[in-house]
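Swiss-Prot lists 1-47 with the feature transit peptide, giving similarity to another entry as the kind of evidence. The feature domain '2Fe-2S ferredoxin-type' is assigned by Swiss-Prot to 50-140, with sequence analysis given as support. Per Swiss-Prot, [2Fe-2S] cluster binding site is recorded for Cys86, Cys91, Cys94, Cys124.
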Amino acid sequence: MASISGTMISTSFLPRKPAVTSLKAISNVGEALFGLKSGRNGRITCMASYKVKLITPEGPIEFECPDDVYILDQAEEEGHDLPYSCRAGSCSSCAGKVTAGSVDQSDGNFLDEDQEAAGFVLTCVAYPKGDVTIETHKEEELTA
């Protein structure tokens, strides 16, 4: 009900447009515009995406990497070749060194605390936690 100068007017006769009650109907739009993922049950999850800059011997490369994708996997998806062997964080083939930003590499078990504190990272088990710059091809420096 609405009131105009003390008179009550009913708005029930006005047509109503149907409202979207869930993002399930527009799941692709949600992901494209807002970085939202929608499962079959309509549950929405938010994912962040960060700028990753890799300094390789061939020159720097940059790409966007979601916070739930390993840096090595996203680099390969973008068409970049990086060294790797085990893809499980159990060797040093994919070693790099973080020069700016930070990563989550809690899935790996090869690096000790001192190596992680020195900035070493295994790109096969590293998720970006924000924009990050990594020097790649650091296996020799790590094992020296």
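Yeah, the Cβs are placed from backbone N, Cα and C, and that goes for glycine too.
Mapped onto this structure are the features recorded in Swiss-Prot.
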| residue | record | Cβ contacts under 8 Å, 6 or more apart |
| --- | --- | --- |
| Cys86 | [2Fe-2S] cluster binding site | Ser93, Cys124 |
| Cys91 | [2Fe-2S] cluster binding site | Ser85, Phe110 |
| Cys94 | [2Fe-2S] cluster binding site | Leu72, Leu82, Pro83, Tyr84, Ser85, Leu122, Thr123, Cys124, Glu139 |
Next on the checklist: Is it possible to get the count of other C-beta atoms within 10 angstroms of the C-beta of Cys124 ([2Fe-2S] cluster binding site)?
Outcome noted: 26
Next on the checklist: Using DSSP, what is the helix/strand/coil residue split across the domain '2Fe-2S ferredoxin-type' (50-140)?
Outcome noted: 17 helix, 32 strand, 42 coil
Checklist entry - Once Cys86, Cys91, Cys94, Cys124 are set aside, which residues in the chain still have Cβ within 8 Å of the Cβ centroid of the [2Fe-2S] cluster site? => result Leu72, Tyr84, Ser85, Arg87, Ala88, Gly89, Ser90, Ser92, Ser93, Phe110, Leu122, Val125
